[in-house]
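These notes concern the structure reproduced below.
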Amino acid sequence: MAVKVGINGFGRIGRIVLRNALLNPEVNVVAVNDPFIALEYMVYMFKYDSVHGRFKGTVETKGGKLIVDGKEISVFGEKDAGAIPWSSVGAEYIVESTGVFTTIEKASAHLKGGAKKVIISAPSADAPMYVCGVNLDSYDSQHAVISNASCTTNCLAPLAKVIHDKFGIVEALMTTVHATTATQKTVDGPSNKDWRGGRSVNGNIIPSSTGAAKAVGKVIPSLNGKLTGLAFRVPTLDVSVVDLVCRTEKSATYDEIKAAVKEASKGPLKGILGYTEDHVVSTDFIGDNHSSIFDATAGIQLNKNFVKLIAWYDNEWGYSGRVVDLLVFAAKKDGAL
């Protein structure tokens with residue numbers, strides 16, 4: 001049995017969510033909606049990817065549908081989310097990956113077309129945010145619109161949870177060195193709300209804001225107000241890294257901290273939080289399915305209560321995997337799977 005899924009928005013996350021969904025037998029993507037991409041171009045965009053490589057299966061069109069590995073996927077081109085005929089193909093769970101409909105009010109438009117649940121693949125100002133491995137125990141089936149938070153929150157929260165549960169976080173600051181995303185500019189251009197954000201991503205390190213650290217306070221309430229952060233956008237295509245500096249309540253050696261993270265990576269956070277002692281760099285994590293991979297050899301400690309921890313994440317592939325995981329979890333809790 002598989003839950004029938006629709007994807008709204010066939011951009012970076014939409015396409016990689018589909019690649020991830022095809023690997024999960026509990027997910028059946030039956031439709032994609034994107035008013036800005038013609039069907040033939042969808043085939044091309046799904047087949048070729050500058051970061052994750054060529055799709056290893058078959059992709060073609062037939063009868064106005066997208067055919068992936070012989071599987072038919074209906075294609076719609078509606079700009080109005082409320083006009084997408086999800087019910088015509090039986091799609092009940094919708095991945096909202098346009099980056100446009102990120103509030104409950106806007107994302108709820110999908111319900112008009114027959115959807116039962118919407119998973120926003122971005123942070124939301126008002127929808128409940130869930131991070132796999134961190135706060136799924138607070139899931140409430142009554143909410144028709146939920147958020148998978150951000151890729152950075154998905155990296156930071158599991159690590160912060162381990163440290164907070166084991167040693168207690170008094171306060172912390174986070175920096176994410178973040179790969180390029182689609183909203184950035186290839187050459188300098190106007191950006192009235194974010195002047196630095198209007199500068200060319202090519203050849204620049206760009207300081208930026210991020211709500212990822214504060215969002216951890218929403219998924220781990222006991223950390224609310226104890227954590228904030230910022231971002232540096234850098235000219236790499238994929239894979240980002242979190243630098244978490246925290247002061248702990250309990251004294252601990254760096255080896256004790258490493259041991260706690262390693263234990264969690266093999267136990268309750270297996271598949272979510274990874275652990276490595278190898279001397280790695282960013283490209284080593286392209287295609288890594290973990291939300292967060294703790295780099296044990298990159299961190300440093302000033303004293304037994306003050307430490308800098310490093311965690312990598314494929315901000316495209318790893319995050320998209322969690323979108324699919326959250327969708328499956330919700331479907332099971334809702335009794336749809």
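Keep in mind that glycine also has a Cβ here, set from the backbone N, Cα and C atoms.
Here's what Swiss-Prot has on this protein:
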- C151: active site, nucleophile (ACT_SITE)
- R12, I13, D34, K79, N315: NAD(+) binding site (BINDING)
- S150, C151, T152, T181, T210, G211, R233: D-glyceraldehyde 3-phosphate binding site (BINDING)
- H178: site 'Activates thiol group during catalysis' (SITE)
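In this view, R233 (D-glyceraldehyde 3-phosphate binding site) is surrounded by 24 other Cβ atoms within 10 Å of its Cβ, with every protein chain counted. When the Cα atoms are compared, S150 (D-glyceraldehyde 3-phosphate binding site) and R12 (NAD(+) binding site) turn out to be 14 Å apart. Between the binding-site residues T181, N315, N315 has the most other Cβ atoms inside 10 Å of its own Cβ, all protein chains included.
If you measure from the Cα atom of T181 (D-glyceraldehyde 3-phosphate binding site) to that of R12 (NAD(+) binding site), you get 9 Å. Using Cα positions, the member of the recorded positions C151, T152, H178, R233 nearest to D34 (NAD(+) binding site) is identified as C151. Of all the recorded positions listed (I13, C151), C151 sits in the most crowded Cβ setting, with the most other Cβ atoms within 10 Å. Taking the binding-site residues S150, T152, T210 in turn and counting surrounding C-beta atoms within 10 angstroms, the largest count is reached at T152. For K79 (NAD(+) binding site), applying a Cβ distance below 8 Å and a minimum sequence separation of six or more within one chain yields P35. Under the three-state DSSP scheme, R233 (D-glyceraldehyde 3-phosphate binding site) falls in the strand class. On a Cα basis, H178 (site 'Activates thiol group during catalysis') lies 10 Å away from T210 (D-glyceraldehyde 3-phosphate binding site). Nearest Cα neighbour of N315 (NAD(+) binding site) among the listed recorded positions (C151, H178, G211): C151. Across the structure, the residue listed as 'active site, nucleophile' and H178 (site 'Activates thiol group during catalysis') are spaced 10 Å apart at their Cα atoms.
Those residues of the chain, other than S150, C151, T152, T181, T210, G211, R233, with a C-beta within 8 angstroms of the mean position of the D-glyceraldehyde 3-phosphate site C-beta atoms are T176, H178, A212, A231, S240, N315. Maximum intra-site Cα distance, D-glyceraldehyde 3-phosphate binding residues S150, C151, T152, T181, T210, G211, R233: 16 Å.
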